[in-house]
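Before I ask anything, here is the structure I am working with.
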Ligand SMILES: NC(=O)C1=CN([C@@H]2O[C@H](COP(=O)(O)OP(=O)(O)OC[C@H]3O[C@@H](n4cnc5c(N)ncnc54)[C@H](O)[C@@H]3O)[C@@H](O)[C@H]2O)C=CC1
Ligand SMILES: O=C([O-])CC(=O)C(=O)O
């Protein structure tokens with residue numbers, strides 16, 4: 001067997017981690033032959049709860065779980081890690097937008113950026129989940145200047161999965177028969193879930209999703225709004241934010257980064273290099289393909305309609321505003 005992959009999960013005593021840890025530890029992400037060393041970071045008041053999580057992981061008697069390291073110490077947590085899954089942050093409650101969390105959460109990512117810079121492997125792959133995810137990811141990348149910018153991402157795969165599932169449900173087909181749904185921009189209610197390039201298999205035939213749906217009003221209105229506001233709808237129903245589906249999306253995101261996407265397109269927040277006219281340096285969700293070398297590349301050459309351009313720019317404007325607000329808090 002190969003050496004363990006060292007995976008840090010922050011917010012390890014929280015609700016997303018409770019679903020996520022089992023999937024990682026049993027091999028859903030790094031493969032069924034890859035041993036895992038799990039590092040679990042949370043804050044000091046949560047250490048007793050974290051002890052319970054550690055007991056449960058032990059009680060799962062999983063063959064791939066080589067080691068579990070619970071800690072409240074950032075330096076210890078980031079030491080020599082291969083993968084950082086940064087979930088730990090306040091979740092929003094009913095009536096809040098994700099950007100309302102900026103003030104509280106951005107400080108966490110500044111501090112963790114310094115720890116990442118000082119202690120992690122330079123090849124570390126970073127996925128920010130804690131909201132507002134794009135801006136927190138941008139903050140941590142700025143405070144970890146020795147880690148290549150390409151190694152930072154934020155989670156918009158949950159939005160992609162939501163979009164895929166909405167189309168599957170509309171057409172009465174299975175989720176695997178819907179491909180190339182795209183999420184552009186911010187993991188917020190300004191995100192642009194885009195079906196212009198999506199394809200579906202219906203009755204054994206591959207066709208553009210919009211041609212199969214035959215309902216432009218649904219594509220341009222109901223679909224977009226449902227995906228944009230799905231997180232809020234879950235909060236309203238559960239009084240807690242999405243956790244099971246978030247954990248599943250984190251697994252999808254990391255597995256695709258680790259092994260590559262092949263011909264599939266997936267959406268993830270990455271630092272813009274100017275593709276599709278998006279300001280360089282913003283953490284923006286694009287459609288990407290990932291090679292077996294773990295290099296992420298934006299899908300090139302997509303036609304952007306006037307309708308789409310407006311939406312791409314609106315979510316970009318929100319990200320610029322969030323970025324400026326985050327850095328003003330950090331300088332204060
Ligand atoms: N990007 C996405 O698609 C999604 C993002 N989220 C976000 O993920 C975050 C976590 O959500 P939940 O697990 O439901 O929240 P939770 O409140 O159940 O757990 C968060 C955990 O983070 C810990 N924590 C707080 N500060 C920390 C720090 N400095 N270092 C380490 N741990 C720290 C808390 O003690 C708590 O145990 C929230 O910000 C939520 O809004 C949630 C769903 C989807
Ligand atoms: O909506 C929230 O606050 C949690 C989240 O990010 C999501 O479910 O997409």
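Cβ coordinates come from backbone N, Cα and C, glycine included.
Remember, it's a predicted structure, so these values are computed and weren't measured experimentally.
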Of 131, 134, 136, 203, which does TrEMBL put in the substrate site with 92, 98, 162?
131
Please identify which of 105, 151 is recorded by TrEMBL as part of the NAD(+) site containing 42, 129, 130, 131.
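Among the candidates, TrEMBL records only 105 at this NAD(+) site.
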Taking 42, 105, 129, 130, 131 as the record's NAD(+)-binding set, what's the max Cα pairwise distance in Å, rounded to a whole number?
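In whole numbers, the farthest two Cα atoms are 16 Å apart.
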For the substrate binding residues given in the record (92, 98, 131, 162), what is the largest pairwise C-alpha separation in angstrom?
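Max Cα-Cα spread across the substrate binders: 19 Å.
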Can you figure out which of 42, 129, 130, 131, 187 (the recorded positions) comes closest in space to residue 98 (substrate binding site), comparing Cα atoms?
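Result: the closest of the recorded positions to residue 98 (substrate binding site) is 131.
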Using DSSP with the three-state reduction, classify residue 105 (NAD(+) binding site) as helix, strand or coil.
helix
How does the model score the domain 'Lactate/malate dehydrogenase C-terminal' (156-329) in terms of mean pLDDT?
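Across the domain 'Lactate/malate dehydrogenase C-terminal' (156-329), the average pLDDT comes out at 98.
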Scan 42, 92, 105, 130, 131, 162 for binding-site residues whose C-beta lands under 6 Å from an atom of ligand 2 and note them, or write none.
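Near the molecule: 92, 131.
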